[in-house]
Amino acid sequence: MYLDQIKAELVEAQDVLNKFISDENNIKLIQEAALLISNSFKQGGKVLSCGNGGSHCDAMHFAEELTGRYRENRPGYPAIAISDASHLSCVSNDFGYEYVFSRYVEAVGQKGDVLFGLSTSGNSKNILNAIEAAKAKGMKVIAMTGKDGGKMAGLADVEIRVPHFRYADRIQEIHIKVIHILMMLIEFEMAKQA
């Protein structure tokens, strides 16, 4: 009934992953992002992560694996997903949804921290505002984007871009794969310090 559609979906997902892998720069950027985060942790910094919709879930997933665990039992790493419901509703109501992440960065971000922002389009105004706030605080910025990077292109210290122009789900599939690789590398790097 749906076997051909199922196979087509899996083949397309594989094609997007293969295209991403074929650009050696993407591999280097993942390493750069992992080292940037690890160095922040080693110097007492933390990660603030944010995104919208499915990317919001990915931001929470990343923070959870940093504070909890990925593959190894080890000390938790300092990370906060900007996902507190009362903060999100307060700022959305009082200032506008475009400020939900930047207000949080202004409140708790510090020099040496890392903002980890996800936007499949690269055009999310609230992520763009968070990047601006992070830079004003002396934070480093890692952006995970898709398509052509949108307005976020060139704004981050490290941008990991999935060059897929159709649906956001394919971009998100690569984002979560990258998040898991980042976790693995961060655990490797932080274990050197222990």
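Using N, Cα and C of the backbone, Cβ positions are placed for all residues, glycine too.
According to Swiss-Prot, the protein has these features:
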type	residues	note
DOMAIN	37-194	domain 'SIS'
BINDING	Asn52, Gly53, Gly54, Glu65, Asn93, Asp94, Ser119, Thr120, Ser121, Ser124, Gln172	substrate binding site
BINDING	His61, Glu65, Gln172, His180	Zn(2+) binding site
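Where Swiss-Prot records a feature, it is marked here on the structure.
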residue	record	DSSP class
Asn52	substrate binding site	coil
His61	Zn(2+) binding site	helix
Asn93	substrate binding site	helix
Ser119	substrate binding site	strand
Gln172	substrate binding site	helix
His180	Zn(2+) binding site	helix
Alpha-carbon distance [Glu65 (Zn(2+) binding site); Ser121 (substrate binding site)] in Å: 24
Residue pair Asn93 (substrate binding site), His61 (Zn(2+) binding site) - Cα distance, angstrom, rounded: 26
When distances run from the Cα of Asn52 (substrate binding site) to each of the binding-site residues His61, Glu65, His180, the nearest one: His61
Candidates Gly54, Ser119, Gln172 (binding-site residues) - the one closest to His180 (Zn(2+) binding site) by CA: Gln172
Listed binding-site residues (His61, His180), ranked by Cβ neighbours within 10 Å, top entry: His61
For the domain 'SIS' (37-194), the mean pLDDT of the predicted model: 96
List of residues, in chain order, with Cβ under 8 A from that of Glu65 (Zn(2+) binding site) and at least 6 apart: Ile179, Met183
